[in-house]
Amino acid sequence: MPIENLVQKGVVIGDGAFGTMLYQKGVFINACFEELNLTKPDLIREIHTEYAAAGCDFLETNTYAANSIKLAGFGLADKVEEINMRGAELARECAGESLVAGSVGSASTASDAAESDNYLDDVRRAYAEQIAALDKAGVDLLVFETFADVNAMLAALDAAADNTDRKIIATLRPALNWRERGAERIKSALARVAERENVFACGFNCGMGPSDMLELLDETRELTDKPFCIQPNAGLPQNVDGRSIYMCTPEYMAEYSKRMYEKGADIIGGCCGTTPEHISEIAKAVKGVSKADQKARVYSVKASGQDEKLEKPVVPLEERSLVGRKLANNDFLTTVEITPPRSISLESTAEKAEKCRSAGVDAINIPDGPRASFRQSALATAVRIKQAGISPILHVCSRDKNIISLQSDMLAAASMGINDMLFVTGDPPKVGDYPDATGVFDVDAIGMARMARMLNSSRDIAGSEVPDATKMTIGVGVNPGANDFEREIERYKMKVEAGAEYCVTQPVFDLDTFFRFTDAISGYEIPVIAGIWPFTSKRNAEFMANEVPGIVVPKELIDRMGKADNKEDAAKTGIDIARESIEAIRDKIAGLAVSAPFGKVDLAISVIQ
């Protein structure tokens, strides 16, 4: 059935990432994936077969970068026709009733325009050769995808006009910070693509996960009456044990796919990080949604003129809790971190909290399974600490729970009057007590911040109404000493955009590292709560410096701890160092999160007093 008939009938399902699957099956990331059409055809067939079985309506050929410009980097510029013809042939062998779509990726880079006045002529010639080969191979349609440069996309469409009459799906790669760069910029780019006569469908792929892609879809769908294609990544890649892992589960992608279809997406697939499992769940989720339901939903959204996620007002920050009031009023906030015990009884923990309350501490930070360790529930600990008369700040880690359980716990906390939250992605299980345990990671801290923001607006993560709005203060963790500093700052900004209202840093020892962080967040300022760890010994300082990732401890501080004559002197020196750090950064922070090393809250209290 032709693609236009499929769209008229209902939702059309594309396939997922090809490169992700090749990488999972042992192909090195620096290999020429397209050459595998010639050298490892059985591997290509295997992946196509898995996607066909997942329920997609069209298979994309393994020809994304099979143009002369990209292939030249591997010495294969003379094999453009052979690689594209073979790619189409392999897809056809596995397609069954599915259509075969010739994949055409961007041949240019972001720097090409600056390096060459003739770059568009070069890429136009490269596209013409590739498109002609795919047309000759008999593909059913063409997919122009992952174009960050709209001028390169238009050049590809020009080349197509002279070389094929196949239907074309043309998708741009949006920047994650598209709002910051100006929404009109991306709207203009989409409109320029949509107005081309040889474009059958247009939209976006890659660059962002399903939640952000849904927001972009909602912003741009009304710009064109042509079918709309959406192919998000499986979230944003996270570095886990040195590998980039995409965290969105198939079920999460499926839930968002339903909302994308209801918001007006006609063609839905996946990009980086998606697999046949993702596509299978997407197909199951949206195949039952009728075209009439889609049209009715799109009409109601456009007619309402408002984002349904924000229909109900959020309780002002200062009215949510003591912590919220202090942050909103710029009153300095003091907190002490107490780790839940490895036992049933919480009485000792409550006694420590009472001691902090008596000393004038504002709140208690409660880690959630720190270092992937087995401990008493952080939520149960928070309830007991609240009973002790002091505000708990409940840490929530996404490692151990899926999005259903995370939202349930947020509602449970709200029902017990626990409104202060700190969201962290969490350490992988491998670093903890049970290295073979499964890490869930449906979402990361960014996703949880967005989840909390939506629950504060009476909506769950899927956008469905929740009867009562929560009143969470939304905190996130940050690491000023992260090895990949630029990535840390990028993620910090994403957390702020997702809804974060304050952040808590890793322990601060090196002042230059901390000030580099505060300078870098200009324009995205939220209250910064400085993490403080009072050293207890030279060995403790050496451990923090060498075995805790992202922590920078100046050598002079380690040497200073080494001069202590005994335990008491070492503790005093550690307190002095902590106080000196606080004094140096005081005008940059909104409060303190002082750790109690080895459960010694007296040390933490001494730092604050």
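Glycine too: its Cβ is placed from the backbone N, Cα and C atoms.
The shown structure was predicted, so the numbers you read here are calculated from the model rather than taken from an experiment.
Cβ contacts within 10 Å of C271 (Zn(2+) binding site), excluding its own Cβ and spanning all protein chains shown: 28. The Zn(2+) binding site annotation in TrEMBL covers C206, C271, C272.
Residues or ranges marked as domain 'Hcy-binding' in TrEMBL: 1-286.
Here the Cβ of C206 (Zn(2+) binding site) has 22 other Cβ atoms within 10 Å, regardless of which shown protein chain they belong to. Excluding C206, C271, C272, which define the Zn(2+) site, the same chain contributes A17, T146, R173, N205, G207, Q231, P232, N233, G270, G273, T274 within 8 Å (Cβ to the Cβ centroid), listed in sequence order.
Restricting the average to the domain 'Hcy-binding' (1-286) gives a pLDDT of 91.
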